[in-house]
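Enquirer: One structure, pasted below without further comment.
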Amino acid sequence: MSATSTRNKHSKIHGNEKVDITKDEFARMRLALQDEEFRKLFFDYVDEIQDPENRKIYEQEITQLEKERGVDVTFIHPKPGFVVKTAIDGELKCFINICGSQIVERPNNEVAINSETGERGLTWSIPMAQAPARDDIDANKKLCKVFDVVFHPDALHLGTRNSQFRKCLIDTALDGVEREFNVNLDRANLKYPKLDYKGEPHATVIRKLSKNATAEEREPHPLEHTYPKKPEANAGKPKVLPMKKNVTSTPTFAVPKYSIKHSHDIDMAQYTDELDAKLQVTIPRALIVEIELPLLSSTADCQLDVTEKSVYLLSERSGAKYRLKLDLPYTVDDKSGNARFDTEHRRLCITLPVVRSSAREQRQMHDNVRILSREDSGVELNSNSESPAEDEEAGSEAIVELTTMQQTQTDNFDAFPPRQSFLKRDLHYQMVANFDCNIVENVMAFLLHVPNVQPDSMRTVIREGRSVHLQFASMGSGYYPTNYAFLVQLPDAADPQLHIDHVEPDASDDNVVLRLFMSESCMTLPSYLAGPDATDLTEYACFPPCKTNIEDENCDLELDKPLRISTYHNELNKSIEVTIIPQDISEQVHQEQQQEEEEEEEQHEQQQHQHKKGNKKQRKRNKKQRSLSESAFEDLKAEQQQQHQKQQQQQEKLPENSSPESLNAGSSEPVATLKLPQRKQRSFSECNDSSSVQRGILKRFSRYGPRPSISESSSSIDDCSSSYSCSVDAAGIGFSHSFGGIPEERVIADAELSESCKKTVRFNDHIMKKMFRLDSSILGQRKKNQKRRDCKLRAQQRRVSEGDSVDYEEVEHASNGQQTANKTAANAQYFKQPQNNNNRSYSKNNKNQSLHDSGLDLTNNNNHNNEEDTKRNEADAKNAMIFEMDDDDDEDM
């Protein structure tokens, strides 16, 4: 039923007969179609009608029947040409088939001269035939209308060769459809689909009276009412339509259909008996503007501009060009509105809230209504006067005051003419939101930041030489103009002789420049007034105040004394600070600043030293250290006391006038035995209080890169053995360094370290890299590398324990009591393992044999004690290197 209703609705709109069917008829048709035999007969009937041979027989019978009535019938079979697509009344889609037939007469032309211009040309006469409109469906299965317009094939051929003649054919077809069927076609949105013919071709019938009809044929037929009405006598003559004299240009844009609805809210306050209950009843809450856009599927190509009093719509899409400019009956809030496009009905709905009067205006209106509705009782109330004379005096004073106020208002209106004298009443003017003012000599220039200003719309007026009023229009993005007004007025405090001579406005694409030429220099002008009109002016300063940082403006500088000028650039605030003080004061201030900076640096260093905590590597080193047992510590303490006594005896034997240089040169004891500030080294035992060593800055080496030479970075060995001359082989990489070639000064107790104790660091250019295989996981490689490092570490410890155990046993049982006995005991305690026990037994059985060859050159003329000291120092150096390797492996793990 919905499809039938839709078809009937459109048929009724466009003049066709409405199909009226009852429920009984519809039920019978439904039952009949359920019968298989009826459906078979119905399909046979359809095939018979569509058969071309049967159509010819049908046309012959119709021709014979009409001839018996004295009517000649001619069937026109249209041949496809091309199709024009448009819309009817902007709502229903429409197709016009431009066809050809030999029955239609050929187009002819005549030579004619234009009476107005005198030009010579051709006047064409183009015959055509039209068929009644029929319903069809488009590609989206929606209802549409189809019209057939038939021309001679020669006319179609000329249209294919000449574009102007083709346009003439299209205009002729559109005019014929609009005239015959009383419809409005959308000529601004014509489309030409790739079709030769829309729908199934239908034959068109031309009916006219027979010229040689007999008397019998002219007699009325008994069944005349069942046949079509006979044509009139002049029906056979073709209609000749004169050419349009005033040819209307084809519109570029179509005007869509629209409607404005007033939306109200139900407010219960309007149903009370208050006087102001219905003051806003006639003003709607919002305006709803509905615009029909049947040729648009979305509003992506639409431009919509909404102002307080108008709505402007523009669509430049090919085949769907719309333009609408609509004035609104009420002032609306364009910032709070919303728009929604209904894709099903192709309708744009715009909701705009109406701006109502403010609370102040409503209150004033309420008071006025209350005053007007007050009834006069004839009795005067609240009279404070005691006699009629006082009333007369009060009345006279009131009259004088009122007259004065009226005179003042009249003067003001005379000084400033009303706004309507220059600005138009029907336009809404806006104030320029952003502008700048510059003053140079007698020129006052205003830069108004308004783009796309039309130069033709600029108008200026000078009022009494004290103010200038400017109005102009700017074209927005939707080609909708916006009007602006700008009034500049000189303040009352300005010089009375200063006035405006003339004005030069200049408009560009980005802004407007307004130059005011004064009668004299206006550099001293403090301010000016600006606004849209004389009733709404705001005061602006010509020169903004400068920012100064002068704290004391009353300070006097003595010019006789030399001055110190300093500047400070502040990039953050974009400012410059200039300080001017006398020279003597500046020196004192400079010294005080230096002292304060030094104190701050010392405090900062102390805080860092106090809050400094050991990192993760230091904690790992501390975990690796092992403490000695109590028994070993007691033995070391006893040996240390014996050593201290021997040192005191040796110092007493030395001559009193001996210098530190002679001690260093003649003494067989190493320099490290002298008293220096005690500093601890991880590679030696912490029980040795007399050791004075310093740890190298770049001691910890990487396991995966080449170890740097001792010449590049100082290590712990040169700190402890600076007076020895030795050669060390570490981790299979041979490198040597002379520890005795660098003379170092050693100061006895309570002396500071000399410059020779400072470390010099040199960095190598070698870059350490870590490679990973692509076909294995990182965790798997890490476990393998860790196992490999553990095996290497155990092998190195095993070799050292087997090769150096003899040296440790000799040092442990030595009775000379030298300085490094405690270190040897600590190392022996640290490396106590089953293999070491076997080495000790082996070393006891071979005491008289030569010691293990460690690669050190020990041949000298010193006594036996010095040789033993040298051996112990070599063993300590090797142990230190082993500890360093151990630490490096732990870090890698």
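The backbone N, Cα and C atoms fix where each Cβ goes, glycine too.
Summarising the annotation, Swiss-Prot assigns region 'Disordered' to 211-243, 372-395, 587-719, 781-821, 834-893. According to Swiss-Prot, the compositional bias 'Basic and acidic residues' annotation covers 214-232, 865-877. Swiss-Prot lists S377, S801 with the feature phosphoserine. Annotated compositional bias 'Acidic residues' per Swiss-Prot: 594-603, 884-893, in sequence order. What Swiss-Prot lists as compositional bias 'Basic residues' is 609-626, 781-797. The compositional bias 'Low complexity' feature in Swiss-Prot is assigned to 640-651, 709-719, 836-848. What Swiss-Prot records for 656-667, 684-694 is compositional bias 'Polar residues'.
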Enquirer: Could you put numbers on the helix, strand and coil content of the compositional bias 'Low complexity' (640-651), residue by residue per DSSP?
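Expert: Tallying H, G and I as helix, E and B as strand, the rest coil: 12 helix, 0 strand, 0 coil.
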Enquirer: Through the lens of DSSP with three states only, how would you label S801 (phosphoserine)?
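Expert: Its secondary structure by DSSP: helix.
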Enquirer: Summarise the compositional bias 'Acidic residues' (594-603) as counts of helix, strand and coil residues per DSSP.
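Expert: Within the compositional bias 'Acidic residues' (594-603) the tally stands at 10 helix, 0 strand, 0 coil.
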Enquirer: Measure from the Cβ of S801 (phosphoserine) and count the other Cβ atoms within 10 Å, all protein chains considered.
Expert: 19
